[in-house]
């Protein structure tokens with residue numbers, strides 16, 4: 001696989017340097033088996049019939065069979081070009097298209113058509129917009145709730161530069177879960193996420209928790225971090241009020257992206273899940289093929305249970321989603 005720059009810009013020096021390392025061969029445990037059931041088949045049929053688009057299919061997520069069987073899906077908003085560049089992310093950076101103000105309605109209609117019990121909404125950073133795209137995130141949550149009152153909504157947001165007014169726009173839409181991903185540890189943070197700041201990301205989670213929202217984040221392993229640094233980042237997240245955590249293996253999208261520093265074995269991921277529980281997270285999912293939206297409805301219910309609350313929004317979630325245990 002050759003290193004080709006996104007259309008409209010030259011290859012960055014960092015990308016050229018990354019490309020000197022060939023794409024790594026995946027270990028045998030980085031694979032998944034196709035397991036389909038009636039719910040998955042029904043959702044797939046609805047998606048095909050209505051011509052809908054989900055991140056699950058378009059990103060080739062290995063967990064699509066499990067998530068769709070639970071009637072969970074993820075949607076990308078704001079376009080497919082980001083104003084920032086993270087060295088692990090497959091979404092290209094550049095000049096985004098104009099804001100599509102009808103997108104929230106279309107996403108909400110897709111959620112209703114698919115009969116989803118839980119929807120995750122993520123998107124690109126839109127630093128080109130005066131409000132950072134905060135209205136788009138908030139309005140998408142509002143539209144989904146309006147059309148599908150029984151559907152839980154998780155929104156995975158950028159940091160909006162830490163601006164309280166932009167964060168409040170999203171918080172005020174009352175998503176069931178407010179997710180903001182820390183992704184990596186302080187020592188390599190600037191290299192991996194140059195447009196973000198470690199402490200600012202923690203502060204987003206603090207503000208979300210102060211607003212009463214269920215909070216969630218993600219850590220990616222295999223970028224060059226040490227075990228001590230992972231543990232410290234987990235402690236920082238918990239201290240910031242983060243309730244739910246996913247821990248994932250870095251999979252390199254293209255030669256332009258950061259090389260995989262190591263493949264983390266499944267048993268180490270189980271160790272990190274135990275560490276997270278000991279630190280006091282309400283729910284942790286940790287595994288080579290776990291992604292931040294994996295079994296999101298189940299994790300949400302673990303947070304609700306830990307808070308001692310009754311189930312609030314997605315009242316028709318099935319027993320499989322309400323279980324606080326899970327299998328990898």
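Keep in mind that glycine also has a Cβ here, set from the backbone N, Cα and C atoms.
Copied from Swiss-Prot, the annotated features are:
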type	residues	note
BINDING	56, 61, 67, 293	[4Fe-4S] cluster 1 binding site
DOMAIN	68-282	domain 'Radical SAM core'
BINDING	82, 86, 89	[4Fe-4S] cluster 2 binding site
Using only C-alpha positions, which one of 82, 86, 89 is spatially nearest residue 56 ([4Fe-4S] cluster 1 binding site)? These are the binding-site residues in the record.
89
Indicate the candidate from 82, 89 with the smallest number of other Cβ atoms within 10 Å of its Cβ, considering only these binding-site residues.
89
By Cβ count within 10 Å, point out the most packed of the binding-site residues listed: 56, 67.
67
What's the CA-CA gap between residue 61 ([4Fe-4S] cluster 1 binding site) and residue 86 ([4Fe-4S] cluster 2 binding site) in angstrom, rounded?
19
In terms of DSSP three-state secondary structure, what is the assignment for residue 82 ([4Fe-4S] cluster 2 binding site)?
strand
Write down the Cα-Cα distance for residue 293 ([4Fe-4S] cluster 1 binding site) and residue 89 ([4Fe-4S] cluster 2 binding site), rounded and given in Å.
15
Using a Cβ cut-off under 8 Å and a sequence separation of 6 or more, which residues in the same chain sit near residue 293 ([4Fe-4S] cluster 1 binding site)?
55, 67, 72, 74, 120, 122, 154, 156
Please list residues from the chain of residue 86 ([4Fe-4S] cluster 2 binding site) whose Cβ is under 8 angstroms from its Cβ, counting only those at least six apart in sequence.
183, 192, 193, 194, 195, 196
